[in-house]
Amino acid sequence: MNFPWDQLLVKGNWMITMAQIGAPFLVIGLIAVITYFKLWKYLYKEWFTSVDHKKIGIMYLICAVLMFVRGGIDALLIRAQLTVPDNKFLESNHYNEIFSTHGVIMIIFMAMPFIFGLWNIVVPLQIGARDVAFPVLNNVSFWLFFAGMILFNLSFIIGGSPAAGWTNYAPLAGEFSPGPGVNYYLIAIQISGLGTLATGINFFVTILRCKTPTMKFMQMPMFTVTTFITTLIVILAFPPLTVALALMTTDRIFDTAFFTVAHGGMPMLWANFFWVWGHPEVYIVILPAFGIYSEIIPTFARKRLFGHQSMVWATAGIAFLSFLVWVHHFFTMGNGALINSFFSISTMLIGIPTGVKLFNWLLTLYKGRITFESPMLFSLAFIPNFLLGGVTGVMLAMASADYQYHNTYFLVAHFHYTLVTGVVFACLAGLIFWYPKMMGYKLNETLNKWCFWFFMIGFNVCFLPQFILGLDGMPRRLYTYMPSDGWFLLNLISTIGALLMAIGFLFLVVSIVYSHFKSPREATGDNWDGLGRTLEWTTASAIPPKYNFAITPDWNGYDTFVDMKEHGRHYLDNHNYKDIHMPNNTPVGFWIGIFMTIGGFFLIFETVIPALICLFGIFGTMIYRSFQIDHGYHIPAAEVAETEARLREARIKEREAVSHES
């Protein structure tokens, strides 16, 4: 084994040196706290090895929030560098590393786990399922994601981060990027991508096979519908990325030449592979976000969603078109007029089903009895801001005009107006909306609204000036500029906006901490003043019982739960409980994640033998699992009856309290 020790530490940058010093203390402090409070056994038994979809969802959300912080710090460093002209705060390569990691973290390690966390918590409950179709695979999927996340974040302090942009184009990411940085990108995303693909398959089967028998596809809640269609995109889009990452890994480690022109390779092959995955990836995070808005808007408008079936078809149309637009990411790379025209038209077409969704949300609001809780505020702010992102997207879809906009800050502003308002607003709204389902209490609404106003205003202050900067010719990925360029004032305003967004996020963190100690607990499950419209609100809070539903609920129409509440009925009115079979926890995913992390680390530094040993460890873990005789366990009917009696009693008390107040 010839490990490249000389590449291990990044030298010559004060910021990275401070991180290298601080990171070990942070890890030691975390270990000390867990040891002091004797939490190791609890965490391992109840969380790390859990196959309960709700606990796995919470672990995804914790990781997503942490990555939001990491990606947000990267964004603030970018804005700090560009605040004034000729700034020496960051040198050029460090700046390249920061904007490269910012993009990867926000898409792969923040937005996706945020969405997957909400999938895990909400979808099985919305369809009346006891668990996902493959509980053990669900645990493995999380630890594959976690392994990729850890590896990618190690790059900042060990070996150096990737600096070829989040798109990692060849040949820049090939012979022109020596060192382990790009290897971190390839291996971390590959491992995380395997977990994502497994999650897509798992939830596709879960929705198809585990939903309550009375629930028809066109009657499913929109969040579940968007999840189902998104899983199809995941299953179709991630294999090309897997192939592309594998090919570039062999180029860099085993000296193949798939993307090296001098040896007969083709750099444009990477661009096509990447964007065949990359543009559907946008809809992998956007479509579930649309589903979140489609749950929140009817709830706080006190109306059923307008045009439910048209929303389903619009979602399917967007998913189909998402695979026909990838070339619009490189109109300027010499494809020719015919190809550019085809992809220009297909890109514009995607605005039609998206417009259907926008009009349906507006018509849902029409004549609704709207209340402005913080999830609703994020949902309402999404509509006009996302519209601006969509309109500028249509502008970019015009191939001839794209020659002016391409690789300028106009493009940066466009995709932030789509991804931040479309995805981040939805993630924050969904977190607040379903937080009482997870924890049994609502986040403080005053602090939530401060979060919303700072974040929303800061977002527009930050990114609206970037449209003007782009039209004025400021290139993206530029680490500095001269005073004579005339970009100082707008960059200063943009940085102020980024600081306002950071303050808004801090209000959310304060809300989480404050609410943990101060918010009243609500055991009834229908936590938003009885406004819930779907099956997850029929179950108890916090964290519904492991079995979710004591009996299989009926779902005879989109407003089944609303009708039940209006007539004073509940699915628990049937008291004929039986023993419930549940799967046991398993350490398989946890240990596969450890082997993946260690093996991936050695492969990043091109040390193949230890990586192969870890690969054998993964196979050994899988063989161990295959020879286990594990039939799960049963929750006795008496225990189920006791649990459900407590929920029924809490609901009766709540109903009596409401009647007394009225």
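Using the three backbone atoms N, Cα and C, a Cβ is placed for every residue, glycine included.
Sequence annotations record features per position, and here Swiss-Prot assigns Fe(II)-heme a binding site to His102, His416 based on similarity to another entry. Here Swiss-Prot flags His279, Tyr283, His328, His329 as Cu cation binding site. Annotation comment: Swiss-Prot describes His414 as heme a3 binding site. Feature annotation from Swiss-Prot assigns transmembrane segment to 14-34, 58-78, 140-160, 187-207, 273-293, 336-356, 376-396, 415-435, 451-471, 493-513, 587-604, 608-627 (among others).
A map of Swiss-Prot features onto the structure.
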residue: His102; record: Fe(II)-heme a binding site; Cβ contacts under 8 Å, 6 or more apart: Gly71, Asp74, Ala75, Ile78, Trp166
residue: His279; record: Cu cation binding site; Cβ contacts under 8 Å, 6 or more apart: Ser322, Phe323, Val325, Trp326, His328, His329
residue: Tyr283; record: Cu cation binding site; Cβ contacts under 8 Å, 6 or more apart: Thr230, Ile233, Ile318, Ala319, Ser322
residue: His414; record: heme a3 binding site; Cβ contacts under 8 Å, 6 or more apart: Gly389, Thr392, Gly393, Leu396, Phe467
residue: His416; record: Fe(II)-heme a binding site; Cβ contacts under 8 Å, 6 or more apart: Gly389, Phe459, Phe463, Gln466
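Sequence-remote contacts of a segment are chain residues at least 6 beyond its ends whose Cβ falls under 8 Å from one of its Cβ atoms, and for the transmembrane segment (273-293) they are 107, 111-112, 115, 118-119, 167-169, 221-227, 229-230, 233-234, 236-238, 240-241, 243-244, 247, 315, 318-319, 322-323, 325-330, 357, 361, 379, 382, 418-419, 422-423, 425-427, 429-430, 433. The stretches the transmembrane segment (451-471) and the transmembrane segment (336-356) are not in mutual contact, being linked by fewer than three Cβ pairs under 8 Å (pairs 6 or more apart in sequence). For the transmembrane segment (608-627), the residues of the chain that approach it from at least six positions outside its boundaries are 1, 136, 253, 586, 588, 591-592, 595-596, 598-600, 602, judged by C-beta separation under 8 angstroms. Touching of the transmembrane segment (58-78) and the transmembrane segment (493-513) is concluded from the presence of at least three CB pairs under 8 A, sequence neighbours closer than 6 excluded. Counting every protein chain shown, the number of other Cβ atoms lying within 10 Å of the Cβ of His328 (Cu cation binding site) is 22.
Those residues of the chain, other than His279, Tyr283, His328, His329, with a C-beta within 8 angstroms of the mean position of the Cu cation site C-beta atoms are Trp275, Gly278, Pro280, Val282, Ser322, Val325, Trp326, Thr347. Around the Cβ of His329 (Cu cation binding site), the number of neighbouring Cβ atoms within 10 Å comes to 21. According to DSSP, Tyr283 (Cu cation binding site) is assigned to a helical segment.
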